[in-house]
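Pasting a structure below so you can have a look.
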């Protein structure tokens, strides 16, 4: 925790360094090998390679169910029997009518909705229904969430199923189809969600190329902004501040105009609370209260930004000097602007592997059949196979026993530890994703540190600083990166577990448990933020000195504590300015997307695609624009943090004398040392 002593041999990033945290490096490699094994095993069981899971779509055997629960979902019956079928029924039909039909095709069609062991089509219908081998009747159904639901539709206000308003229940009675609504009530939310998802998907299919154009515009705007920041840092910062204020001001003006335009219109004075949740979000835009809420939010943001600018006006000048120095560093290492693409690509690989492994693990369950009976039976609850059940001893000892579908799962050791494999999949995703981000931070920090510690800039810099830093990070510090990302991954997994417990306890009445869980969630959220901050600065120290993770984290923490005023003033003000830059790009592109997709630009009014929800492409463009802008500005943010930490280290190592000169540039020393120390001559 003490300041560093002067070392005349010190020349910035140490190139003659050794491997750090080797144990964590080995642990990461072993974990990756295990992760690959989990992926292979999941693919084997979930990909149908062992004979189950995803398979032939024409098969109706239980190991390959496409739709299950037909007897419970598409018939009016007290039977709890559930079976798995390859397709849902598409017609009204009773077993009595199918049995009495002169065409064998009717009965053969009906047989696919019976239990798998039903083979004797000559068996008396009363016996078949008594033994619950077939449903009394089937109705037109549609597949949804691996279940068959009645194909309910409304025509001119009349509820119909399969273009009929009544149906034969198979017991000699005619019933109204409205009775089927009771069986499908719980599916209403799912059906509405599915309808919403289909409309959103349709919007993406007709607007995807315009979304890509919007993201390209955001990327070009970010790149132009960064390039201009390189040459006109001071002017661009002030232009950015003014533009943000103007964009927010226009947003306030637009919300007020919409609010005033809706005055006196029917239904516009309904409150958001009375309206409730609507899947069609356009409904909210016809309410005055919605635009009033938007206007208030934008006014608050505008006032907060203006007040911050007034109180931080002097500090902004110092932050601009730091941004100018960062611009010079980025100018000498232009390849650093493209490095976020590498991080993005590696993160996409992590997400793709995690998602595919999760899908395969989730679909590796098999249909499990159990013995059900009404009288006492020693085999009750045991696992059975429908194909061989009729020839087994169970039917002889328990005549009323049936082999029925129970649940999805398995009896093997693999299925017993499936939840552990899923947990390991989530943990490895967090670990690898954090490792990729850490690798990017160390690489950029190493490149920018080589700029700072070059006494003659840029002559003393290595030929390829970015590639040199990337090579040093992988060769010497993979273990340290694995250590830091492991700590963060553990905290994030704990947060996921707490969110899961909170979801499970929502219906509980234990207020103490909910309060305790809320406190834990808050504490671990704060802990995650602190660890991210500490890791980021530890990685910078690793890039400079090549020390292990714990030593780097300790040195970085105490160095920042010794310069806490500078951290609060310079670093955070710079972050605020970068946030305004991202806000400017996102706001500008978002306003352009809003006017385009709502057909308000006369020149391209007919070009914009027709949409169900125009907010779908607009939100996609806004989120994508933020991620793109964040990627470009993250390079500047890492550069500023690295230069700032190097500046603090430079102050403690040197005093500006000819024997111990500062490594900072004259422009930077003139601003940052003004009023504290005399700059180096």
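Including glycine, each Cβ sits where the backbone N, Cα and C put it.
Okay, so TrEMBL annotates it like this:
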{"type": "TRANSMEM", "residues": "21-45", "note": "transmembrane segment"}
{"type": "TRANSMEM", "residues": "208-228", "note": "transmembrane segment"}
{"type": "TRANSMEM", "residues": "235-253", "note": "transmembrane segment"}
{"type": "TRANSMEM", "residues": "291-312", "note": "transmembrane segment"}
{"type": "TRANSMEM", "residues": "333-355", "note": "transmembrane segment"}
{"type": "TRANSMEM", "residues": "428-455", "note": "transmembrane segment"}
{"type": "TRANSMEM", "residues": "476-498", "note": "transmembrane segment"}
{"type": "TRANSMEM", "residues": "538-561", "note": "transmembrane segment"}
{"type": "TRANSMEM", "residues": "573-597", "note": "transmembrane segment"}
{"type": "TRANSMEM", "residues": "613-633", "note": "transmembrane segment"}
State the residues, same chain only, that lie 6 or more residues beyond the ends of the transmembrane segment (538-561) and have a CB under 8 A from a CB inside it; answer 'none' if no residue qualifies.
1, 12-14, 17-18, 20-21, 24, 438, 441-442, 445-446, 449, 453, 469, 472-473, 476-477, 479-481, 483-484, 567, 641-642, 645-646, 648-649, 652
Ranking 21-45, 235-253, 291-312, 333-355 by the number of C-beta pairs under 8 Å to the transmembrane segment (613-633), which range is first?
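Stretch with maximum Cβ contacts: 333-355.
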Count the CB pairs under 8 A between the transmembrane segment (291-312) and each of 21-45, 208-228, 573-597, then give me the winner.
573-597
Does the structure show the transmembrane segment (235-253) and the transmembrane segment (21-45) touching, where I'm treating 3 or more Cβ pairs under 8 angstroms (sequence separation 6 or more) as a contact?
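Answer no, regions not in contact.
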Quickly jot the same-chain residues contacting the transmembrane segment (573-597) by Cβ under 8 Å, restricted to those at least six beyond its ends, or write none.
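The answer is 207, 210, 214, 217-218, 221-222, 225, 237, 240-241, 243-244, 247-248, 250-251, 305, 308, 312, 315-316, 318-320, 322-323, 604, 608, 611, 614, 617-618, 621-622, 625-626, 629-630, 633, 636-637, 640.
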